[in-house]
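Below is one structure, written out as structure tokens; the observations come after it.
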Amino acid sequence: MNWDDSTGTAPGEDAERLVGAEADGDDQAVEAALRPKELGEFVGQSKVREQLDLVLKAARQRGGTADHVLLSGAPGLGKTTLSMIIASEMSAPIRITSGPAIQHAGDLAAILSSLQEGEVLFLDEIHRMSRPAEEMLYMAMEDFRVDVIVGKGPGATAIPLELPPFTLVGATTRAGLLPPPLRDRFGFTGHMEFYEPEELERVIHRSARLLDVDTDEEGAAEIAGRSRGTPRIANRLLRRVRDYAQVKADGAINREIAGRALDVYEVDARGLDRLDRSVLGALLKLFGGGPVGLSTLSVAVGEERETVEEVAEPFLVREGLLARTPRGRVATPAAWAHLGLTPPQQGPHGTPGGPGQQGLFGA
Ligand SMILES: Nc1ncnc2c1ncn2[C@@H]1O[C@H](COP(=O)(O)OP(=O)(O)OP(=O)(O)O)[C@@H](O)[C@H]1O
């Protein structure tokens, strides 16, 4: 069986969902207020935190600039937050940009040449930078130098430009897409994992304090369980539950209020939303749990193939509810249990419905 642990999401579509991990406009305003400012305040990611703490302490003791840092992991796990903490721990200013914003090498040269000594340059979505900019970055990272090309064609000349030492913090959701020469130039790479429910509870309690919302232990646990391992989603759900508590109750959040609020928003106990449940529901009810081809499944739920594959499936796969196999999508026993359905009788070869079903629902 070919289990796929992809966590990539389609940025645009995911951002529109309450349980989407990408930031939406509403998040951006609040996130700044909720970001931890120091490494000690940053919840979870204990390995990355411990290792980064050493990198930063050592750099401070040497009175130098910290090594370049690469942070990889799914959206909303705290890469931007960590880059700001790196700058603050190094008492350095930070400049924030992203790969898609740097289309020409000249864009990058303009940023690099205006950096101050020790400054942190945060480059989000570093895997989406253009190739010429990427090549310029190699030299800047290694030698703190860039060649600025003046003129065009055969008369073009390269003018070397010295840069002050700086720390590049690159963030990527797809570390595998980075060319090895770029990856190798980072002194430290931290991989951000999804958060455990207890860690998300701490994030929620901290945010509730900052937002001045009364939340008890069980209320925080209820929200954490539906937050898909992601602090950004936890903070967003907390805000929606706060609204509900304010309008429908006395403003305080407990398990019952959190559960009722998130039921209104159609985020279930495991963090699945309407789209996830409709994909899973079709797989179980229409195709007996599969295997079924992606195209057939997409038509059945009335969604684009890409939406099912890139928006709904990664979380279903991660949760062990759906498997991508060479013969198509297959529901796991946990999927039947989650939707409260009984799987069909096991066939002689172990597949729900038996061998007669194989190949029935092609791509
Ligand atoms: N470890 C953490 N402790 C507390 N809050 C956190 C933590 N990680 C993230 N958050 C909160 O989650 C929100 C999203 O974090 P952040 O913007 O750093 O994620 P990101 O990984 O950079 O996302 P993207 O890849 O979409 O840019 C922020 O409001 C931040 O306060």
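Every residue gets a Cβ built from N, Cα and C, even glycine.
Here is what TrEMBL says about this protein:
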type	residues	note
REGION	1-24	region 'Disordered'
REGION	15-195	region 'Large ATPase domain (RuvB-L)'
BINDING	LEU34, ARG35, GLY76, LYS79, THR80, THR81, GLU142, ASP143, PHE144, ARG185, TYR195, ARG232	ATP binding site
DOMAIN	65-198	domain 'AAA+ ATPase'
BINDING	THR80	Mg(2+) binding site
REGION	196-266	region 'Small ATPAse domain (RuvB-S)'
REGION	269-363	region 'Head domain (RuvB-H)'
BINDING	ARG305, ARG324, ARG329	DNA binding site
REGION	341-363	region 'Disordered'
10 Å Cβ neighbour count around GLY76 (ATP binding site)?
30
Shell of the DNA site beyond ARG305, ARG324, ARG329, same chain only (C-beta within 8 angstroms of their C-beta centre):
GLY293, LEU294, LEU297, SER298, VAL308, GLU309, GLU313, GLY328
For the region 'Head domain (RuvB-H)' (269-363), the number of residues DSSP places in helix, strand and coil:
43 helix, 12 strand, 40 coil
Can you list which of these binding-site residues (LEU34, THR80, PHE144, ARG324) have a Cβ closer than 6 Å to ligand 1?
LEU34, THR80
Hey, what's the Cβ neighbour count for THR80 (ATP binding site) at 10 Å?
21
Sparsest-packed among the binding-site residues, when each Cβ's other Cβ atoms within 10 Å are tallied, from PHE144, TYR195:
PHE144
Measuring Cα to Cα, how far is LEU34 (ATP binding site) from ARG305 (DNA binding site) in Å?
36
